[in-house]
There are 2 protein chains.
Amino acid sequence: MPAYDDLMAFQRTTEALAQVAGRTGWDQETFMPKGAAPQRAEEMAALEEVLHARRTDPRLGDWLEEAHALDAVADANIREIRRNYERNRKVPARLAAELARVTSLAQGHWAAARASEDAAAFRPVLAEVIRLRREEGAALADGADPYDALMQDYEPGGNAAEMAAMFDAMRPRLVALRERALDSEPAPTISGTFPAAAQIALAAEIAGRFGYDFQRGRLDLAVHPFSSGSGIDVRITTRVDEADPFNCLYSTIHEVGHASYEQNVDPVHLLTPIGQGASMGVHESQSRSYENQMGRSEAFCGWLYGRMRDTFGDLGIGSERDFYRAVNAVRSGHIRTEADELHYNLHIMLRFDLERALIHGTLEVDDLEAAWNERFAHDFGVPVDRPSNGFMQDVHWSIGLMGYFPTYSLGNLYAGCLMQAARAAVPGIDDALAAGDPSPATGWMRNNVHQFGALRRPADTIAHATGAAPSAGPLLDYLEAKFGDLYP
Amino acid sequence: MPAYDDLMAFQRTTEALAQVAGRTGWDQETFMPKGAAPQRAEEMAALEEVLHARRTDPRLGDWLEEAHALDAVADANIREIRRNYERNRKVPARLAAELARVTSLAQGHWAAARASEDAAAFRPVLAEVIRLRREEGAALADGADPYDALMQDYEPGGNAAEMAAMFDAMRPRLVALRERALDSEPAPTISGTFPAAAQIALAAEIAGRFGYDFQRGRLDLAVHPFSSGSGIDVRITTRVDEADPFNCLYSTIHEVGHASYEQNVDPVHLLTPIGQGASMGVHESQSRSYENQMGRSEAFCGWLYGRMRDTFGDLGIGSERDFYRAVNAVRSGHIRTEADELHYNLHIMLRFDLERALIHGTLEVDDLEAAWNERFAHDFGVPVDRPSNGFMQDVHWSIGLMGYFPTYSLGNLYAGCLMQAARAAVPGIDDALAAGDPSPATGWMRNNVHQFGALRRPADTIAHATGAAPSAGPLLDYLEAKFGDLYP
């Protein structure tokens, strides 16, 4: 099969360059000197130019025509290369390079404008990103829905109609749970002193307990926590708020979910198309399973209560049960990444509707802040007091990630399916979590999800692991059981 | 001039990719997880494959044929692109990629083997690097001397015969100075407690005093101090030995010399062939001027004595003069990077002779350690006790840098010429240094060397700044005056 071998040799170099580009992005968010941004934008554009040229190289078309898959791995590799080839051939090189340059710069502008609550400074930057992504969406869609076309980058096979149906199924049960919780006695809150260094040390310890391999990764600080890289160099970041240790700790567990998925892919797939997560939705199923279903479980909270008292002293909370209630407090907060499990998907629904309107051209950036604030007040019952608590809170739109947000909710849905299957298959998950040991649960994920990477399509990945097509039922059942108990 | 514009647009992307490759190397030496080395080797090879393809792209030949320089800047850009194009066309892509992969891995093997004094583990690794560099040297030389051919990467226009003549001119006067110093009363040594964090903080302060711009750079730790990058992202590293603060401080000043050269190139040359230092020799003239002629001057030592006593408390030394003697102590040490100004060039002469023999095939890697130890005992009068004090001390050979070492001595020679000219042109250099302010001297370098980047060829760069062709006289006069005073 010389065509397949040639294809894979070429692809391996492309994958290696993509890893370099990813790490260059990581550097930009962690250690890059502030003054280097203009040069960095040119570097990212140069990498994007090279990657785009490789991903649209006409030889790929020839090899794809000649190559025949002899096994499932080859079949999946060919499937992924073909999908990306056909996608990237539709985007002019000029547009791809411009997107890379503009989003690289926009990220810095976003961070600066967010820090100074300067919506006026951010608007023209975002408008330029939207303009380019609209153009890209139109080029990809071939007359169909440009938003659906953009979504394929994050969730191959996904589409807005299915997402909307998923949200319609979720909304009433979530809203009912939310209302009951908000009408109940508020959960207790922790108090105390939480020095940054101690938070980071504890976050690193917990990362190790959840299976993150520091020999093939590292933990640093960034404005917006993220996981970066595939294979044997998978790095995570977190952030520290000295008033709120849960921010650092649960951001870390979340990113460990993403990073473990990448670190645990079978090494034979290193630097191949399937040597990475199957989609953002499946990725988010891991981060959400780790963060919420394991990390915020009553069992793990029991262990964490003791461990945090050892680290920080008195927490102003008298029992494991009250600590569990504090960790899972339901509140109408502004910030998505700090939202409880009930409000989280409401945050996503808001963004999903607004970003579809931005891409469809039925909403312009000049009207975005007002639209956000009105919708937020309606859905959450509290006004938005400043841009960093509103439409400027997330990095995503500044770097062009439209069509990405719904994969977070899809990930929650997948997480519900996977954890239901894991609990059915593995005894003692909670007993181990109560001892600070997530390995029975993470081991099931490793064996049933992680090792396969992108061997199967996203929904098939979940179905293979659970034995059933994914649906919202298990997530909603889990949420009703958990929050019905917490807010009886 | 469409051909020139096309040439420069293409080149700008290549330069941006080269910056990414450089920073990927920086990451490897600073923050890369240990387990990531195999993947990193593939990433470096992929970058090298792309860079090699661009640097040998046949369109470069067409553009170079058609482009005509309308000014000195265009002339210099064309000169540099042509030189590299003609050089890289001679190296097969397969060999270039193999060199990148092997040297990337070899660096990790070197660091591990050096840490465990395991010469046997390092030998086959080095042998492979030498084999590839011999092959490359032969391809580049077209029948002429392969060592001279390799030197062109570091010192365009340089050759081994001139280097040998330079060393012949230096050796007797250096040996005479060295013998007088070693026959004299030994210099005092400092004592005290030098915590790592305080050393790094002081190193950062001194870096700023020497003009290093942290807005466009950063200071981190690495096994072997280095400066990395051009333009507006120029990073330096240092190392810390808690028993010897001079190691950290003077390594930092040295790297600040390199980094300032890059940071101070006229920004109009950003991401062009002349937007960087003219050669390794001219580069080293800056690091050596900063480290030795400014940093180890009696004037600056006076300031540093007070500043170090403020930082570390008692140094066990009673006067500025004794501190100056301690900083400039002449001793037969094993380590090049810790060598005084008299022994330094003797270290280089040893490496120059051995690496020429390695490339010429008159010395094999299996015999290198014995050859090194014999020569070292002869030149320095002390035996080599372990590989990390001998042939395994430097990173250079493991990453294929043969032909690089002599540029260190050439840099010393250039530094002598430049500082002689600076002192003649600028009054009050020493008065300012005595107040901890190197800016009169560094400002002269900026105006007369840095801003021009690679606009002129290396020797012309020095001649333009000093008004005279470079020669060894000023360096040797400086050394005789300084060490004649220190060891009367």
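The count begins at 1 with the first shown residue.
Every residue gets a Cβ built from N, Cα and C, even glycine.
What TrEMBL lists as active site, proton donor/acceptor is A:GLU255. What TrEMBL records for A:HIS254, A:HIS258, A:GLU284 is Zn(2+) binding site.
Here the features listed in TrEMBL are painted onto the structure.
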{"residue": "A:HIS254", "record": "Zn(2+) binding site", "Cβ neighbours (10 Å)": "25"}
{"residue": "A:GLU255", "record": "active site, proton donor/acceptor", "Cβ neighbours (10 Å)": "29"}
{"residue": "A:HIS258", "record": "Zn(2+) binding site", "Cβ neighbours (10 Å)": "24"}
{"residue": "A:GLU284", "record": "Zn(2+) binding site", "Cβ neighbours (10 Å)": "28"}
Can you tell me the CA-to-CA distance separating the residue listed as 'active site, proton donor/acceptor' and A:GLU284 (Zn(2+) binding site), as a whole number of Å?
9
Remaining residues near the recorded Zn(2+) site, that is with C-beta within 8 Å of the centroid of the site residues A:HIS254, A:HIS258, A:GLU284
A:SER227, A:GLU255, A:GLY257, A:HIS283, A:GLN286, A:SER287, A:ARG288, A:TYR290, A:GLU291, A:GLY411
Short of 8 angstroms on C-beta distance to chain B, which of the listed recorded positions (A:HIS254, A:GLU255, A:HIS258, A:GLU284) are there?
none
